[in-house]
Amino acid sequence: MSNKEGSGGFRKRKHDNFPHNQRREGKDVNSSSPVMLAFKSFQQELDARHDKYERLVKLSRDITVESKRTIFLLHRITSAPDMEEILTESEIKLDGVRQKILQVAQELSGEDMHQFHRAITIGLQEYVEAVSFQHFIKTRSLISMDEINKELIFTTEDNGKENTTPSSDAQDKQLGTWSLKVTPVDYLLGVADLTGELMRMCINSVGNGDIDTPFEVSQFLRQVYDGFSFIGNTGPYEVSKKLYTLKQSLAKVENACYALKVRGSEIPKHMLADVFSVKTEMIDQEEGIS
């Protein structure tokens, strides 16, 4: 055993060779030193950034909830007698969602959006899904990202629609304009989620005797799927992950259109929804086995 090792076979630490009373004691830290003042400013900056991040997360949750409620409302359009009434109500709900997005834009005023993007991306995706769903019901086409971003430019009049928490930045209030841009990834993920809602609308419309909507949805979903296929694995990971779900939705809609075209005259209209639901369950089981 070497001299550097004790009786237990462990190597001694360097300061163990000195008596306890001879060890170096720490000096009192001067709180007014430039180093301490710099670190205190760092602490305040990080605390403010974390608080802002938490506020954005809460706003994103509110945007997600209100957007989902708008989507649920729009699904009633397949069985409602007055479509315009539901569209008007959905527009009111989307205006409320935009008021939440206005608060997000005010929080991000003067900040780099990409530093806080993770806190708001879920809410923006859900908003894109709701807006594109409403746009498809109205026009049977896909809304563009530029059209969505044009609706997210706010003025002082928009800020007055709802009592919001006043911003700490007085200069932004004097300017009276705020904007928030949906990123291409948020737009693509929102459109990918839209395909699932269109699949549900297709099945519901068949159950209510609407034979034209499934074929319109099928044509639209093929175009969307072709567009996502061009991206493939070259795009973001989340986009390629959604491609499988999009393919499932397209297969269910095409299966419904096939049943309508081939067996539509054999099956009574009030039984079509039951037949499609059974076929959808069979497709899900086959995909789960494979």
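A Cβ is built for glycine as well, from the same backbone N, Cα and C atoms used for every other residue.
These numbers come from a predicted model, not from an experiment.
Residues or ranges marked as Mg(2+) binding site in TrEMBL: GLU129, GLU197. Long-range C-beta contacts of GLU197 (Mg(2+) binding site), restricted to its own chain and to partners at least six residues apart, with a cutoff below 8 Å, comprise ILE71, HIS75, GLU129, PHE133.
Residues annotated as compositional bias 'Basic and acidic residues' in TrEMBL: 16-28.
Per TrEMBL, SUMO2 cross-link is recorded for LYS279.
Residues annotated as region 'Disordered' in TrEMBL: 1-32.
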Number of other Cβ atoms within 10 Å of the Cβ of GLU129 (Mg(2+) binding site) across all protein chains: 24
